[in-house]
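As written in TrEMBL, here are the features:
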- 3-136: domain 'EamA' (DOMAIN)
- 149-283: domain 'EamA' (DOMAIN)
- 5-26: transmembrane segment (TRANSMEM)
- 32-53: transmembrane segment (TRANSMEM)
- 65-84: transmembrane segment (TRANSMEM)
- 90-113: transmembrane segment (TRANSMEM)
- 120-142: transmembrane segment (TRANSMEM)
- 148-169: transmembrane segment (TRANSMEM)
- 181-201: transmembrane segment (TRANSMEM)
- 213-230: transmembrane segment (TRANSMEM)
- 242-260: transmembrane segment (TRANSMEM)
- 266-284: transmembrane segment (TRANSMEM)
Amino acid sequence: MSKYIFMVFAGACCYGILSSLVKLSYTEGFNAAQVSFVQALLGAGALWVIVLLQDKKTAAISGRNWVLLLLTGTTIGLTTYLYYLSVKYIPASIAIIMLMQFTWITLLLDWYLLKNKPGARLLISIACILVGTVLATGGTAAVKSLSYKGIGIAFASAVLYALYIVANSKVGKEIPSIKRSAVTVTGAAVSILIINCHQLAGGLPLTANFFKWTGLLALFGTIIPPVLFAKGIPKIGASVSSVLMVAEMPVAIICASLLLKEHIHCTQWVGIVIMLCAIVYLNMHSRDK
């Protein structure tokens with residue numbers, strides 16, 4: 001169990017780097033549609049190359065699983081696009097706070113759709129995370145000065161992220177993780193292309209700087225995490241995964257502070273510590289099992 005917990009935790013940490021990289025790419029004139037689409041495209045290409053190189057003669061994916069995995073990819077693709085779009089309007093450190101609302105959304109979905117009633121320890125962890133979230137935002141006074149459009153977009157990405165976690169915990173579990181991830185990321189690329197076809201119709205800025213940013217985003221956003229999640233989430237379940245993946249938040253805030261020079265107040269650091277303690281508490285309980 002501990003190995004799979006670490007996989008989900010490491011994948012979440014990779015995601016924490018992304019918002020700062022995206023924000024830096026915006027300073028060079030690129031936009032959310034461009035970077036999210038090429039990130040997904042590069043990621044899908046890399047994963048399919050790995051699938052071909054492995055060539056273990058695994059059974060073909062059924063038509064039903066193709067459809068379900070592509071739809072699962074749609075949820076993470078739209079999550080990525082909306083999250084990247086939100087950092088255009090609000091600080092990266094605030095965007096990640098809104099994205100983290102997927103924890104309680106996932107809990108509700110897992111309970112309602114999959115009938116997985118949350119235990120007391122999980123509820124305690126969620127409560128600690130919510131308390132930490134309030135502190136990490138800097139309080140209600142700070143929120144009033146933010147773009148409500150940006151907050152709304154980031155929250156929408158949280159809803160889609162929750163759907164992705166629940167779907168990823170159930171769909172195609174018998175399929176090898178690399179092949180499963182390749183199909184999922186392909187679905188992500190297609191969904192981003194469809195909703196941004198008008199923006200992408202004019203072409204892409206095929207420059208070295210553009211591929212520098214999209215290459216890094218593909219590595220940390222669409223290659224490493226999906227593989228780790230495809231292996232880990234089915235083993236530990238959606239509810240536990242949703243709490244572990246909160247690790248993305250402290251990583252994102254630290255990166256925003258170091259790379260973007262966003263000022264993080266003492267109360268925000270206290271919130272981060274509370275959230276990390278909740279994650280450790282959950283991990284200790286999972287290892288005991």
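Glycine is treated like the rest: Cβ placed from N, Cα and C.
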* Take a look at 32-53, 65-84, 120-142, 242-260 and tell me which one has the most Cβ pairs under 8 Å to the transmembrane segment (5-26). => 242-260
* Candidates 65-84, 181-201, 242-260; stretch with most C-beta pairs under 8 Å toward the transmembrane segment (148-169) -> 65-84
* Between the transmembrane segment (242-260) and the transmembrane segment (120-142), do 3 or more CB pairs sit under 8 angstroms, pairs being 6 or more residues apart? -> yes
* Contact yes or no, the transmembrane segment (242-260) and the transmembrane segment (65-84), 3+ Cβ pairs under 8 Å, gap 6+ -> no
* To do: For the transmembrane segment (32-53) and the transmembrane segment (213-230), decide whether they are in contact, meaning at least 3 CB pairs lie under 8 A, counting pairs 6 or more apart in sequence.
  => yes
* To do: List the helix, strand and coil residue totals of the domain 'EamA' (149-283) as derived from DSSP.
  => 112 helix, 0 strand, 23 coil
